[in-house]
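Student: After the structure tokens below, expect a handful of questions from me.
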Amino acid sequence: MTMLASYFDSLVSKMPSLSTSDHASVVSLNLFVALLCACIVLGHLLEENRWMNESITALLIGLATGVVILLISNGKSSHLLVFSEDLFFIYLLPPIIFNAGFQVKKKQFFRNFVTIMLFGAVGTVISTTVITLGVTQFFKHLDIGTFDLGDYLAIGAIFAATDSVCTLQVLNQDETPLLYSLVFGEGVVNDATSVVIFNAIQSFDLTHLNHEAAFHLFGNFLYLFLLSTLLGVATGLISAYVIKKLYFGRHSTDREVALMMLMAYLSYMLAELFELSGILTVFFCGIVMSHYTWHNVTESSRITTKHTFATLSFLAETFIFLYVGMDALDIDKWRSVSDSPGTSVAVSSILIGLLMLGRAAFVFPLSFLSNLAKKNTSERIDIKMQVVIWWSGLMRGAVSMALAYNKFARAGGTDTRGNAIMITSTITVCLFSTVVFGMLTKPLIRCLLPHQKATTSMLSDDNNTPTSIQIPLLDQDSFIEFANHNVPRPDSIRGFLTRPTRTVHYYWRLFDDSFMRPVFGGRGFVPFVPGSPTERDPPPALSKA
């Protein structure tokens, strides 16, 4: 025993001790995890507050923590972890966007798909153009350095990226299904479009811009947009086919859950590998997996994946807002612009004014065009909804921060005064818009949209998503919808022109039932098994003493 103890002591003595840097990292991680817990607790306690929501709570906690760290470190640092756009785009953004596609109310999303694409894609291009033209004119009169056309276009793409989390936390998708669907769908498509535009600008030579180059840039944008969507759909279908054919639930639900999570992340990484838009890819992968793959797994796997994806998304969002709050007080960034605070304030004010103008430039005109194509008044976007949609896109968040770091930061710092001003201005715009506009969001929505139950014509119930494990997308209940609305079988071009959405819905359901679901699975096309073999077996009877 003595020899064994001495051998263990010698083995322990040979193990490397924890270095100072490793110890500091462990302390930082512990504090950050504790702050995440505080954000969750305080967010829960302030849930009914008129002015606060979880994102603002996390942001303010980050700001307060940054102040404390600044005081403790004598003004040397304000954050526990170093922000990196790679950390954001590779680890934090995928679970948020995937869960958005996985939990989306698909019936409402695809019913308003044209309007969502108008706002999310065309609207983002318009907003980018307005902001680019504005900064090109105003920045020339400010002493912020020399920017070329590529820099101005990048600024337009950076500040065209919205963050509608504050609005979505207030809206109720059962009471206002149309408005929630538009705000939610536009937010996801907007982020994807902004990143695609930004990447297209970064990889394109703008020194000799002409009509041919402009068409080439537009073609590159469409190429990234379409291929990213197709890659997400393909990855989701492959996961559905593999799980349906191999049926992992016969042996272990853990394998089903693990494969779904890994395939979801693989779709994003494949898009990054092929230099496509990972946001679009993982979003449509989530939609496809919720329609096919999710119905091919066991009951316990459905419940597990639903809550797992939602939890990961929630933690990632809280992490982002908490860190943005701490990083806003990074003394190194502000030291570069300390000699001209008026210039920094002027740049931030100009950007806030331009993003408000850019939103108005497409929300109201595109809403008018969308209403022209809708005969049913309940499906039209009234002026109050338009104001909410405009307001929901005024907040700027982590996507704008990450793109600004990617463009204007070098190895975590700033190499020129102009770059430093753009970084600090981006931080200022994100903080101001999230805190001020975010705090006013709940009172504004309650004023414009008093709580009303959704009408039956809006079809608020959507049992097709993983939030319900009863009825899938486009099932037999779709016939009831058509019967209630007296929609005839769209067997003519006139039927398509008068009711394009329901006509596409009708033919898609036929195609889905005849070809897609028999191959890739879905509700009613796979054998129902409540859970794993262990769960299905009755517990052994207890022997009596």
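In case you wondered, yes, glycine gets a Cβ from its N, Cα and C as well.
Curation plays no part in TrEMBL annotations; they are all automatic predictions.
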Student: State the residue range annotated as transmembrane segment by TrEMBL; the candidates are 277-295, 505-523.
Tutor: 277-295
Student: Examine the ranges 178-201, 466-489 and name the one recorded by TrEMBL as transmembrane segment.
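Tutor: Matching range for transmembrane segment: 178-201.
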Student: Under a criterion of three or more Cβ pairs within a distance under 8 Å and sequence separation of at least 6, are the transmembrane segment (307-326) and the transmembrane segment (420-440) in contact?
Tutor: yes
Student: Using a threshold of three or more Cβ pairs below 8 Å, and leaving out pairs closer than 6 in sequence, do the transmembrane segment (24-46) and the transmembrane segment (116-140) count as in contact?
Tutor: no
Student: Under an 8 Å Cβ to Cβ limit, what residues of the same chain, 6 or more beyond the ends of the transmembrane segment (346-366), are close to it?
Tutor: 115, 118-119, 122-123, 126-128, 130-131, 134-135, 138-139, 142, 144, 155, 159-160, 386, 389-390, 393-394, 396, 421-422, 425, 428-429, 432-433
Student: Does the transmembrane segment (277-295) reach the transmembrane segment (87-104) with at least 3 CB pairs under 8 A, where each pair is 6 or more residues apart?
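Tutor: Checked: the transmembrane segment (277-295) vs the transmembrane segment (87-104), in contact.
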Student: Between the transmembrane segment (420-440) and the transmembrane segment (58-75), are there three or more CB pairs that fall under 8 A, provided the residues in each pair are separated by 6 or more in sequence?
Tutor: yes
Student: Mark yes when the transmembrane segment (24-46) and the transmembrane segment (152-171) have three or more Cβ pairs under 8 Å (sequence separation 6 or more) and no when they do not.
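Tutor: Stretch pair does not touch.
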Student: Of the listed stretches (24-46, 87-104, 387-408), which one yields the highest count of Cβ-Cβ distances below 8 Å with the transmembrane segment (178-201)?
Tutor: 387-408
